[in-house]
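To start, the structure under review is shown below, and the notes come after it.
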Amino acid sequence: MEAQTKVIIIDYGSQVTQLIARRVREAGVYSEIHPCIVTADQVRAMKPAAVILSGGPASVGEADAPTLEKGLLELGVPVLAICYGMQLLGHNLGGQLATSETREYGPADLTLLGDCPLWDGIDKSATTRVWMSHGDKVKTPPPGFAVVGRTATLDVAAMADDARRIYAVQFHPEVHHTEEGTRIINNFLFHVAKLKADWTMSSFVERAIKEMAETVGDRHVVCALSGGIDSTVVAVLLHKAIGKRLHCIFVDNGVLRLNEGQEVVDYLREHFDLNLKYVQAQRRFLDKLEGVEDPEQKRKIIGYTFIEVFDEEAKALGHVDFLAQGTLYPDVIESVSHKGPSAVIKSHHNVGGLPEKMNLKLIEPLRELFKDEVRKVAGELGLPDFIIWRHPFPGPGLAIRVIGEITEERLDILRKADKIVQAELMSSGWYRKVWQGFAVLLPLKTVGVMGDGRTYEHVIALRIVDSVDAMTADWARLPSELLERISSRIINEVKGVNRVVYDISSKPPSTIEWE
């Protein structure tokens, strides 16, 4: 198979480095992010077609600031430096830096200068809006560089060395706020680097199936199915590669949504002929959760119990060599961050403890992909919309949406309320417009009036948010008529609820889930 065209992105700690990778991939070119400690020899061995230097929060003059190995600029491939990357490049090649009197954050109007290929197709007679986020700046470009962009406060907002195909911009072309950002990145990829747009999900599927078949050979793989898109795509890809030597296990932990377990199992068995075991372990999980109110304790109990159950079921299969997981590219990036993983806000429920416990080799077919790419792969595989566009659902399930103690009665109330939320979002056309929507059962009761009588019953909170990647989120501005209909149905149809409230908190400072 012909080698994949590849762009290497060097990460200097910007919060939006992943956006660079996504913009490149959206253009049909494969990209990888590597920490700034990577060496020029390591990058050379990756055979990149181009290199992009990301932004970052540091100042080039700081003692512990990330550095740039000069060899990265001598690979003979085009280079695009962004923000901190531009300052680092300017410093290394003999330019002069200065500290801005005030840090510049937000929009700026860029004047395009000269005949720079980055500006191809952009109207040069007017300014274009870009997004800035910097403290330092390049005061004098290095030898061989021409100034190709300026703003009212920045004489060197962009510079270019056409002979060496090295370009630098002080703004962030990867963010949506930069009006011509996508065009600028595409101009770098196709007009400067002259790359091929050969990264497609159909080519990924073909390659993934071939590689998994070669890796597994005649051995067996076990896969934990949750019914979510990631594990389902992993299972279907593996099934195409190795057939019945894939063993899927779906564990019902007792905190799934209404009828969810049986519906998922029935669909996957019927449409994909998966070798699938449905383990009904509800009682085992709920007994361990009895009386537990602390959310972190709930997560740990569910995680540890899942590992116990899954381990028992996998051992019962006999000899299995591989464990399949739905690891995505953001997980991989986080694990090799230039500063190490970020602070843990909540423990993540996954099967991370299984490979060591079971002595299995990991197989992670989606580790190159972002979430939106997984959805495209699902489409290539013929998965239905209800799986492709299913809202994210936490591993601990409803256990962290029942605030406080978990009981059968409280789970029943939440399941019925959540079913109404999902149904109304779908029937109104809002389900695919929002990132996530669900109900939360609060640990309190309030006074109400129904008919001629006083009530003292439970409160349901609605959490419906807009997001791109769950890193940040904002509450969804749903029509008041839709919110009214959801509230009315829950109060009238779910016994034990007399009040519905709408969560209008953003992330940050709040998280999407309540626990």
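Using N, Cα and C of the backbone, Cβ positions are placed for all residues, glycine too.
As annotated by Swiss-Prot, active site, nucleophile applies to Cys83. What Swiss-Prot lists as active site is His172, Glu174. Marked as ATP binding site by Swiss-Prot on the basis of sequence analysis: Ser226, Gly227, Gly228, Ile229, Asp230, Ser231, Thr232. The feature domain 'Glutamine amidotransferase type-1' is assigned by Swiss-Prot to 6-198, with sequence analysis given as support. Among the features that Swiss-Prot reports, domain 'GMPS ATP-PPase' is placed at 199-390, with the record citing sequence analysis.
Feature map: annotations from Swiss-Prot on the structure.
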residue	record	DSSP (3 states)
Cys83	active site, nucleophile	coil
His172	active site	coil
Ser226	ATP binding site	coil
Ser231	ATP binding site	helix
Considering only the recorded positions Cys83, Ile229, Asp230, Ser231, Thr232, which residue has the minimal Cα-Cα separation from Glu174 (active site)?
-> Cys83
So which one is it: of the binding-site residues Ser226, Thr232, which has the fewest other Cβ atoms within 10 Å?
-> Ser226
Given the ATP site Ser226, Gly227, Gly228, Ile229, Asp230, Ser231, Thr232, its other Cβ neighbours within 8 Å of the Cβ centroid, in chain order, are Leu225, Val233, Val234, Gly326, Ile387, Arg390
Compare the Cα of His172 (active site) against each of the recorded positions Cys83, Ser226, Gly228, Thr232 and report the nearest.
-> Cys83
Would you please pick out, from the recorded positions Cys83, Ile229, the one with the fewest other Cβ atoms within 10 Å of its Cβ?
-> Ile229
How many Å lie between the Cα of the residue listed as 'active site, nucleophile' and the Cα of Gly228 (ATP binding site)?
-> 38
Tally every other Cβ atom lying within 10 Å of the Cβ atom of Gly228 (ATP binding site).
-> 17
Cβ neighbour count within 10 Å, max among the recorded positions Glu174, Asp230, goes to Glu174
